[in-house]
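The structure follows.
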Amino acid sequence: MASPAASSAVLVVVLVASLAAGGANAATFTITNRCSFTVWPAATPVGGGVQLNPGQTWTINVPAGTSSGRVWGRTGCSFNGAGRGSCATGDCGGALSCSLSGRPPMTLAEFTLGAGGSQDFYDLSVIDGYNVAMSFSCSSGVGLTCRDSRCPDAYLFPSDNSKTHACRGNSNYQVVFCP
């Protein structure tokens, strides 16, 4: 029978290994509104949505293995105390906290975490239209910026397949409205 000290050491090693494996490719997204107007960012499949007044920041933690993730800014929104309402752009079924993608037009930051093991992939897209200037960057990759509907850093049409960028896993991301 193992001694209590040996059992404790094994438990600590197993616990640390489990935490390290569970945290692989997890990411923190910091979303900042630098616009002169309020933006209601939304995120799927994790995050939901909030109201960001000028200068405010929202942080979400996105688990490893998240695929087809999206962050977008909604504009011209009005919500009641129960989180029901509507937005002029990017509306997601009248909900403040989105569980489905928004209605065009909307500038999109798209991501997949942990694809291929140790890499994340990310891009900007205006295929669904353009509604607010946005930059999107990862801590170990290139920064992307879209200030109009024809921005060179974004996917412009469905067959445009040259705008996805790779990022080392366990990176942190920045989304900035009106960079």
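Glycine residues also receive a Cβ, built from the backbone N, Cα and C atoms like all the rest.
Straight out of TrEMBL:
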SIGNAL    1-26  signal peptide
DISULFID  C77-C87  disulfide bond
DISULFID  C92-C98  disulfide bond
If I restrict to non-local contacts, at least six residues apart, and a C-beta distance under 8 angstroms, what lies near C92 (disulfide bond) in its own chain?
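Within the chain, C92 (disulfide bond) has Cβ neighbours under 8 Å at A42, T44, G49, R74, C98, S99, L100, S101, G102, R103.
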Mind checking which of C77, C87, C98 has the fewest other CB atoms within 10 A of its CB? They're the disulfide-bonded residues.
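With the disulfide-bonded residues C77, C87, C98, fewest surrounding Cβ atoms within 10 Å: C77.
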